[in-house]
């Protein structure tokens, strides 16, 4: 019989053997049952590929289409808004004023024989017809023509926007109380428009009940 005193194991081998025994004891989970000890094996699973975007991205939205053309329904049901198409009619009581007046103390700017006003209070787009008509004598809700629009936007700061009187009824052309036809960057089936600091044409809005200042105008007298 060989005693342990007679067995000579190199120091490095002894240390390695101790480490292996410790790892075998502590690392694998121990499953006890029926007097046996089973070690659970560790299996490495490669990380699955995660696609951050579909292979075929969705087609872009055609903003020149109405909601009915785009989605086959006259109403677009989204969590926070539901625009209904082609329901707008010009209020009969609010038309272009046939008189002259200019409040030189309150106008925002004057240009080409007209006085322009940005209302101090905010209104819905439909409410701008009444707000402008009641602002001062001879004022009405104005749709800026291409020569007037740059002057309007220069008087806005970078975060401002305001409702303008460019609209359409049904599938008709975009127009205003002054008449004519307007080019509009349109979305869905909206009938209301606004402009901001960097607008080059009026832009239709998906929610005409938002509150914004209104663009009003009155003709100046020649005297």
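Positions of Cβ are set from backbone N, Cα and C atoms, glycine also.
What Swiss-Prot says about this protein:
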type	residues	note
TOPO_DOM	1-8	topological domain 'Intravirion'
TRANSMEM	9-29	transmembrane segment
TOPO_DOM	30-223	topological domain 'Virion surface'
DISULFID	99-138	disulfide bond
DISULFID	102-115	disulfide bond
DOMAIN	111-217	domain 'C-type lectin'
DISULFID	128-214	disulfide bond
DISULFID	132-216	disulfide bond
DISULFID	192-208	disulfide bond
In the domain 'C-type lectin' (111-217), how many residues does DSSP call helix, how many strand, and how many coil?
13 helix, 27 strand, 67 coil
Cα separation, residue 216 (disulfide bond) to residue 115 (disulfide bond) (Å, whole number):
8
Proximal but sequence-remote residues of the same chain as residue 192 (disulfide bond) (Cβ under 8 Å, at least 6 apart):
88, 125, 126, 163, 167, 204, 205, 208
If you measure from the CA of residue 214 (disulfide bond) out to 10 Å, which disulfide-bonded residues from the list 99, 102, 132, 138 are inside that radius?
132
Least buried of the disulfide-bonded residues 99, 128, 208, going by other Cβ atoms within 10 Å?
99
Restricting to the same chain and to sequence separations of six or more, state which residues have a Cβ under 8 Å from that of residue 132 (disulfide bond).
94, 117, 119, 139, 140, 141, 142, 165, 214, 215, 216, 217
